[in-house]
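Trainee: According to TrEMBL, the protein carries these features:
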type	residues	note
ACT_SITE	Asp64	active site, proton acceptor
BINDING	His60, His62, His140, Asp210	Zn(2+) 1 binding site
BINDING	Asp64, His65, Asp210, His268	Zn(2+) 2 binding site
Amino acid sequence: MKLTILGCYAATPRTLTNPTSQVLEIKNRLFLIDCGEGTQVQLRKNKIKFSKINHIFISHLHGDHLYGLIGTISTFSLLGRTTDLHIYGPKGIKELILLQLKLTESWTTYNLFFHELESKESEVIFEDNRVIVKTIPLKHRVYTNGYLFQEKPGERKLNVEAAQHYNIHTAYYQKIKNGGNVKLDDGTVIENEKLSFDPIPAMSYAFCSDTVYNEDVIPIIENADILYHESTFLESEAPLAQKTLHSTAKEAARIALKANVKHLVLGHYSTRYDGIERFKEEAEEIFPNVILGDDGLSFEF
Ligand SMILES: [Zn+2]
Ligand SMILES: [Zn+2]
């Protein structure tokens, strides 16, 4: 799993910082998460192939998470895209995009599928043989969802030496990888644990975009490997966070701690501060494994 942060600052794009957008590479699928202004440029700067993005997840209809979407959709067409594109986001996103296409007399060279969300409960919105994506209902000024991306557990790893030791025919190897036992010609059953190793652990990534401190998310994101949680403000602006339905770095850390995640990535910093180091310091007073998100930062986990 690889996460690339294209932008992680609040509100307005600036010379050196960008509003929210991320790319998650998970089991060979490339998911774009939020699409603030400048996302296309950031994709190019980070050498991410446009053609590999087939799914876009939008958390909510605020400009700093959305205003890059129509441009991105349009560019995909100019590049001659023919592959289907799926967009997941709050109800209204379809109307918003189609109106812009209509008034600009534009169209797409590919099929555009909208998956509009309105549930207040967590729901599965994408699933294939390797990945599952669920919504994380958040509390913000407009209807907002975070997204939980989970890998499905892979096959068990064949213990070739053990299989050869028992003279097991290769025709049984897939059965072993699937977790099955093997019966030898003399009737002896060899338990799967003797013939295989545990699969690589399935990883999960929870993205919580804009939200006030909300413990309701904890059961959904519990034990996630990585949690990105917005931390718009420092503790000195805690009342403002409450008022504008955003979080402080400490609140993000409290959620990380209570949900028992392995790492916390901070972002969505208000541009009122001179630097972002202080966000990490404040969060670390509560939770130890804090990563200071920043534009262009990419890491594998
Ligand atoms: Zn925002
Ligand atoms: Zn917002």
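Every residue gets a Cβ built from N, Cα and C, even glycine.
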Trainee: Are there binding-site residues among His60, His62, His140, Asp210 that sit within 10 Å of His268 (Zn(2+) 2 binding site), Cα to Cα? If so, list them; otherwise say none.
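Mentor: The binding-site residues passing the 10 Å Cα test are Asp210.
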Trainee: Beyond the listed site residues His60, His62, His140, Asp210, identify every same-chain residue whose Cβ lies within 8 Å of the center of their Cβ atoms for the Zn(2+) 1 site.
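Mentor: Neighbours within 8 Å of the Cβ centroid, excluding His60, His62, His140, Asp210: Ser59, Leu61, His65, Leu138, Arg141, Val142, Thr144, Ser209, Thr211, Leu245.
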Trainee: I'd like the Cβ neighbour count for Asp64 (active site, proton acceptor), meaning other Cβ atoms within 10 Å of its Cβ, all protein chains included.
Mentor: 23
Trainee: When the Cβ positions of the binding-site residues His62, Asp210, His268 are compared with the atoms of ligand 2, which fall under 6 Å?
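Mentor: Listed by sequence, the hits are His62, Asp210.
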Trainee: Enumerate the residues of the same chain, Asp64, His65, Asp210, His268 excluded, that satisfy the criterion Cβ within 8 A of the mean position of the Cβ atoms of the recorded Zn(2+) 2 site; list them in sequence order.
Mentor: Ala10, Pro19, Thr20, Asp34, Gly36, Ser59, His60, His62, Ser209, Glu230
Trainee: Cβ-Cβ under 8 Å from Asp210 (Zn(2+) 1 binding site), same chain, 6 or more residues apart: which ones?
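Mentor: Counting only residues 6 or more apart in sequence, the Cβ neighbours of Asp210 (Zn(2+) 1 binding site) under 8 Å are Ser59, His60, His62, His65, Leu138, His140, Thr144, Glu230, Thr232, Leu245, His246, His268.
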Trainee: Minimum Cβ neighbour count within 10 Å among the binding-site residues His62, His65: which residue?
Mentor: His62
Trainee: Ten-angstrom check, please: count other Cβ atoms within 10 Å of the Cβ of His268 (Zn(2+) 2 binding site), all chains counted.
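Mentor: His268 (Zn(2+) 2 binding site) is surrounded by 28 other Cβ atoms within 10 Å.
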Trainee: Determine the Cβ neighbour count for His140 (Zn(2+) 1 binding site): the number of other Cβ atoms within 10 Å of its Cβ.
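Mentor: Other Cβ atoms within 10 Å of His140 (Zn(2+) 1 binding site): 20.
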Trainee: What is the Cβ neighbour count of His60 (Zn(2+) 1 binding site) at a 10 Å cut-off, with all protein chains included?
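Mentor: Total other Cβ atoms inside 10 Å, all chains included: 23.
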